[in-house]
Amino acid sequence: MSFDQFAPFMTLGRPDAVCDECSRPVAPNSISDDDAAVNTTETDTQHANIPEEQDVINIKLDSTFNAESSAETIDLKVEGVKLAIVSQQPTYEAITAETTSSVATSEEASSDTATSLTNLTSREPSPSSSSASSVAEECPSEEPASDDTVPAASEKNHPDGTLNPNYHDARADEVHPQHEVVQVQAPHLPPPQGVQPAATENPDHDSLFSVFTQDHNPLLSGTIVGAPADYVASTPGKKIRDKAASALNIWLQVSPDDLNQIRTVIDMLHNASLILDDVEDGSVSRRGRPATHMIFGMPQAINSAGYQINRAMMEVLKLGSQDCLEIFIEELDRLYIGQGYDLFWTFNIKRPSVEKYISMVDYKTGSLFNMLVRFMAAKTGAKGGVETDNNKAPIAPPDLTRLVVLLGRYFQIRDDYMNLTSDEYTLQKGFCDDLDEGKFSLTLVHALENSPEAEKSILRHLLTQRLSSNGQGMSLAQKHLVIDIVKGAGSLEYTVTALRKIGMEIVNELDQIEGVTGIENKELRRLVEVLRV
């Protein structure tokens, strides 16, 4: 325990000398004439700035700690004033100041000193003050007096005139009416190391830590975790799935509330997939703006995407359909599997077959289209079927599974093709951004299958060099070389032909569904026409 904090209350003078027997400070008039002469020379040199007439009071502090009561007793031994402080956190109390006859200064100086220590705060005298203040530490003499006789406690000085350490003035035990018990407010002092505090603590101390046990701490909103998803949702997009929902509802006739709820779920999942796709592909831009993780950081972007997926499932519960919850889980599982294959081929530079590539597209891109139409069909079934314009009797909802699978394939293959050839895509994502990512598009898969061996080798080396570019992807010259190779292999024409074939199948499906329902779907036909290459 440090007593430096009490220094302003205890610095009443300067020490002049110590006892040869016990090393205690002694008053000036207790010292022999010869010693006084020496001490006067030394102390005057060290304290030349202290006035000669200043009275000197010597202080000694002793501290003891009671582990059972968690109380600390501080004895202040002052030549002229005796003060005992008992600390029971956080108040130091039970103080009795008594003047003794061993004071080397004048009676007035002793009285002033006692007053300065006791008048911090006045209290009524305590019955226990006499016993608390009468504790005095005895100083045993290590050697007997020179005449082999130990002076009695009632004798003040040794025969040689020095102070007797065993001297005790009986008047010190008397309780004087002018002595008061004072309350000294002191800083909180922790118990010594290894000693546990008492079970009953100060109420203020308990309230300081009440935050750790209270039940009503502030609630945290989803604003921060949702900010990255809100950002990607604000970027301009094609809204293909949203438009498809409106077009398909011409046949399925889902209620406006349910349709809006389904759109919300699909949009949340789509935005989450865009965030994760940009992180996993290493894309730095999306729709002409910085990718989400380039603004919010990769950890926060990933966390926000996971949060959106969880929130989407909560929105599914609002549809009130167990079938919809099962659809959500099944199609989300397919989405993860498809993305896993895409990442595996990219990381290992392993070219898939065309058949496996199409299966990957059905899982990765087609899952959200399939989830959309399955949600709508589930909510249509709750109403008993679809009503036609000519016949109000409900009929079974049409099977749109093949139609949405073809839509998913067309959308993904077209998107990859446009990334290699479209000036609009170049402005939004950069020139041939998919080559920086190393993605195996249908065009690249065809080129690696049908190019001469020399060109195949060059393509494989370019994809390998991409991994050693410190995340910079391919250079502009490398990208132009890839385009030249795929053109030479006829891969761009092959991709356009595949898109036209898929487009024709979509139109055939439209014709069949319109024939079954008797409802022409002009809105869906316009959407297909907009996507035509």
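The chain as shown is numbered from 1 upward.
Here the Cβ of each residue, glycine as well, is placed from N, Cα and C on the backbone.
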Matching residue for the isopentenyl diphosphate site, where Swiss-Prot names Lys238, Arg241, His270 - out of Arg286, Arg287: Arg287
Neighbourhood of Gln412 (dimethylallyl diphosphate binding site) by C-beta distance under 8 A, where only residues 6 or more apart in the same chain count: Val361, Lys364, Thr365, Gly366
Around the Cβ of Lys238 (isopentenyl diphosphate binding site), the count of other Cβ atoms that are within 10 Å: 12
Asn419 (dimethylallyl diphosphate binding site) as reference: those binding-site residues from Arg241, His270, Asp277, Arg287 with C-alpha within 10 Å of it: none
Longest CA-CA distance among Lys238, Arg241, His270, Arg287, per record bound to isopentenyl diphosphate, angstrom: 17
Count of other CB atoms lying within 10 Å of the CB belonging to His270 (isopentenyl diphosphate binding site): 20
Fewest-neighbour residue among binding-site residues, criterion Cβ within 10 Å, set Arg241, Lys364, Lys439: Lys439
Other residues, Cβ within 8 Å of Lys238, Arg241, His270, Arg287 Cβ centroid (isopentenyl diphosphate site): Gly237, Lys239, Ile240, Asp242, Leu274
Cβ neighbour count (within 10 Å, all chains shown) around Asp281 (Mg(2+) 1 binding site): 18
